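TrEMBL annotations:
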{"type": "SIGNAL", "residues": "1-19", "note": "signal peptide"}
{"type": "DOMAIN", "residues": "38-131", "note": "domain 'Link'"}
{"type": "DISULFID", "residues": "Cys60-Cys129", "note": "disulfide bond"}
{"type": "DISULFID", "residues": "Cys84-Cys105", "note": "disulfide bond"}
{"type": "DOMAIN", "residues": "137-249", "note": "domain 'CUB'"}
Amino acid sequence: MRAATLLWILSLLLKEAQAWGYRNGVFHNSIWLEQAAGVYHRESRKGRYQLTFREAKAVCEYEGGELATYAQLEAARRIGFHVCAAGWFDKGRVGYPIVKAGINCGFGKVGIIDYGYRLNKSEQWDVYCYNPNSKECGGVLTEQQKTIQSPGFPDQYQDGQICYWHIRVLLGQKIRLHFLEFDVEDDTSCLADYLEVYDSYDDIFGFAGRFCGDYLPEDITSTGNVMTLKFLSDASVTAGGFRLQYVAFNATETDT
């Protein structure tokens with residue numbers, strides 16, 4: 001009887017272990033991947049570090065989600081989710097996920113940079129939300145090729161959108177963005193609605209361009225295996241939105 005029980009436990013452990021590991025240079029776990037798909041970063045419409053704990057919860061709930069847990073944030077981090085901005089998450093905790101430490105990001109560490117549970121809930125930070133059923137606006141992308149589009153496309157996007165797409169492909173590869181359709185509210189300085197592209201893990205470093213209007217931006221190629229896209233729309237005037245495709249290719253190949 002004990003032998004049969006032991007074999008059953010071992011079979012369960014083996015099944016779970018098979019779900020873990022590196023495939024194609026990217027860390028994978030079937031359960032964690034499912035959770036990580038719904039983790040995302042938000043900041044206030046007024047800018048970075050403007051949300052109290054109560055306001056942070058309201059931001060997530062307004063979108064049909066909730067504050068991310070530490071485990072969910074770590075799950076996303078393990079597949080490439082990297083944001084150099086501290087935010088509220090579950091139970092009044094503050095921190096941010098780091099894949100690659102930098103001089104001004106992560107204090108030289110990799111992991112969840114944890115500020116701990118905050119006694120003063122009136123402190124102002126960004127927020128990390130979890131909503132596995134709302135994947136249209138942003139996400140962590142590890143596929144070799146994928147199409148990205150504005151929320152609701154081909155219909156017009158809505159007011160008050162803040163979307164982040166964090167792309168991470170294999171080490172030794174680069175990423176090429178190719179714009180297929182583009183129609184974002186136009187203004188002289190692109191301060192109302194815009195799409196920003198960063199040649200980095202986050203929207204702090206590696207600024208590659210801000211785009212609005214109805215002209216098709218030229219292709220953009222990363223210098224490494226990561227890229228971040230940020231889409232923002234203000235409280236008035238919308239447009240048709242955008243659709244683009246990214247493709248990963250080996251860094252030794254000619255960029256054509």
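In case you wondered, yes, glycine gets a Cβ from its N, Cα and C as well.
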Can you count helix, strand and coil residues in the domain 'Link' (38-131) using DSSP? 22 helix, 33 strand, 39 coil
Rounded Cα-Cα span from Cys129 (disulfide bond) to Cys84 (disulfide bond), Å: 16
CB contacts under 8 angstroms to Cys105 (disulfide bond), restricted to the same chain and 6+ apart in sequence, sorted by sequence, are Cys84, Ile98, Asp202, Ile204
